[in-house]
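The feature active site is assigned by TrEMBL to Cys321, His380, Asp403. According to TrEMBL, the Ca(2+) binding site annotation covers Asn443, Asp445, Glu492, Glu497. TrEMBL lists 313-406 with the feature domain 'Transglutaminase-like'. The region 'Disordered' annotation in TrEMBL covers 1-26.
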Amino acid sequence: MSETTSTNEENKLPLNGRRAIPPNYSNDEENEVPEMEAFGLVPRGFNPRDYLRVVDIYMFKEPQEINKQEHHTDKYYNPKLIVRRGQAFQIQIDFNRPYQPQSDQFWLEFLMGRYPQQNKGTYIPIPVGSALKPGQWGAKVIHRENNSIRLSIMSSATCIIGKFRLYVAVLTPYGILRTRRNSATDTYILFNPWCQLDAVYLDDEKEREEYVLNDVGIVFHGNVEDVKSRSWSYGQFEENVLDACLFLMDKAELELSGRGNPIKICRVASAVINSRDDDGVIAGSWNNSYDYGVAPSAWTGSVDILLEYYSSKKPVRYGQCWVFAGVFNTFLRCLGIPARLITNYSSAHDNNANLRMDFFLDDEGKVDTRLTKDSVWNYHCWNEAWMTRPDLPVGFGGWQVVDGTPQETSDGMYRCGPASVQAIKHGHVCFQFDAPFVYAEVNSDIFYTRMEKNGTQVVENIDTTRIGQLIVTKEVGGDGMMDITEEYKFREGSDEERLALETAVMYGVKKQSIQDTTYQPQTDVDMDFQAQKAVLGNDFKVTITFRNKSRNSYTATTYFSGNIVFYTGVPKSEFKKHSFSAKLEPSSSSSFDVVIKSSEYMRDLLEQASFHFFVTARINETGKILAVQKAVMLEIPTLQIKTKGELVAGKEMSVIVEFTNPLKQTLQNVTLRLEGPGMLRTIKKQFGRIQMNSTLTWEVKFTPMRAGLRKLIASLNSDALRHVYGELNVQIQKP
């Protein structure tokens, strides 16, 4: 009996024996605030109207007014006041009579959540004083006229971010009179990269404009020999996106009191961006079938994904690494944390973080797909967020790696970071969070190992340069590519690089030394592999070149294997096998061509049109094996976008999207998407089919509301062809 009563009790009270108040992690929930808080018995003749009373509060919250202009928040499509912490903003209060500072006493109260507490930063009383201190809460009167006063309010540079409710409280002899709850005075407070006292302070104005205020970015994809780029709409200022981003922190159950700390926010966000283990924003899918969802390649930006999640509260299907990174970037920039999207080419997905990617060869020298578990991603996208790291020694602040793509668990959840880029470069992988994993992604070596019949492993070849050989992001102020490889690693083969590696090993990164394995490579013959630029649907040729530097004649038995792969390097099918014997004359080079026909690859082709070629050659005279692997991307046709009519704010204009089917087959289930951040919300159109060589034309009419330089982004998706993009910069004139 006693047990049942206790459970009933628990149902009534949201308390438990460990804490006096329940956990406070919803920014949306509210508490009742009394309009009259009496100090005791109130005498019968008391009339609140005899005292100073607030008639109206004016927030200066329009985009062209002082607050949003000075706080760089004028681009948010949000009617409420949005300010950045650690910087003064203004409000005007109209009273029922002139304010008399000698006798009248009032203060402001900012509240957040259902259980506001002063020591948790969720209840903030602000008395009116004579001066403001930088980076601390305070208010002072800057103008008085008739019944009105104008206040300048300073917020703390460490205050929690989110949506606060504002009340004005007036002191009377018998109690406190408060304004009624009014959602029009709600105030969003965000991080402030313009404020030197803020943990996310960034000192370069051009970088702030790029990493906080730019709502369009570039995703670099393809592979290291063939870098491709496409635009992505971050849309952090679009309607409801700010509320959706705050909801993500509620969803991740981050206590309100922890929301002033960018380290905590990044850590929980990297888990909630993916749906693994917490029903987060995006469900990943890497298997090329996207039933009941949108193919990752079809998205043009983050807004649709965030708003769908905010309304349905269910994971949005489907994403791959650049989608997770794009949405994460929107989240960070929206809250005011400077952020950028990074692409690491030839990224190691090392299943046991030992800095060694093992590719196993069979007796003949072919790759054994059964034993090979590690994979090299053609590219992998993550994010960097800018912040100080007071939890680490001096020198490890600045850019931090955060990754929302679910790859490995960290402290029991699929998340990664923040990990200091500086710590990764110098091998200080002992510093939280997840630095060893990121270090392995950019620094692993590839081992080609042959399994002998008796179970011993013979290392035939080691490639130390391929992994992480190019790390890039979008340049500041332009659409070009900025190479940031040097920020992650020292030059290959330099003394500093060796020292960083020794440091990483000392701090526990597993690295098997070559001494553990027998390894004597063939040094007097080189093998190289080149592929002709190839267009989707056409034949192309690849060339294997041997250079014999010795005075001996050799013969090489060569195996060539062509695989269709996911961009993660995981093979789907082998579509080409070819073997030949090569005669290598002393001190000379010889080349051998292999032709790849479109009929061999088109049937199984995956969406990123990505091949992986393995070439292994056994030198018969010495028994040694040479190995090389390369990713090859096909050229995918693009969408053409053009505009018709005048490009003037407030006037209707036309956009025409065109696409010609280059394949020798009909495209089925074609979907087009078009989006223009700050100009045009995403629109989709389904087309049944496009015959071979025929052209599809789609005209969209809309009215842009704001002048300025904007970007249109379009994508095409079909059963046989994906990753088709087009974009156009448009300058919208003032009327």
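Every residue gets a Cβ built from N, Cα and C, even glycine.
Take the binding-site residues Asp445, Glu492, Glu497: by the count of other Cβ atoms within 10 Å of each Cβ, the lowest one is Glu492. Of Cys321, His380, Asp403, all annotated as active-site residues, the residue with the shortest Cα distance to Asp445 (Ca(2+) binding site) is His380.
In terms of C-alpha distance, the listed active-site residues Cys321, His380, Asp403 place His380 closest to Asn443 (Ca(2+) binding site). Among the recorded positions listed here, namely Cys321, Asp403, Glu497, Cys321 has its C-alpha nearest to that of His380 (active site).
Across the range of the domain 'Transglutaminase-like' (313-406), the DSSP-based residue counts are 15 helix, 41 strand, 38 coil.
Cys321 (active site) sits 9 Å from Asp403 (active site), counting Cα to Cα. Here the CA atom of Asp403 (active site) lies 25 Å from the CA atom of Glu492 (Ca(2+) binding site). Taking the domain 'Transglutaminase-like' (313-406) as a whole, pLDDT averages 91 in the prediction.
Sitting within 8 Å of the Cβ centre of Asn443, Asp445, Glu492, Glu497, and not among those site residues for Ca(2+), are the Cβ atoms of Thr464, Thr465, Ile467, Gly468, Lys489, Gly493, Leu501. On the backbone, the CA of Glu497 (Ca(2+) binding site) and the CA of Asp403 (active site) stand 24 Å apart.
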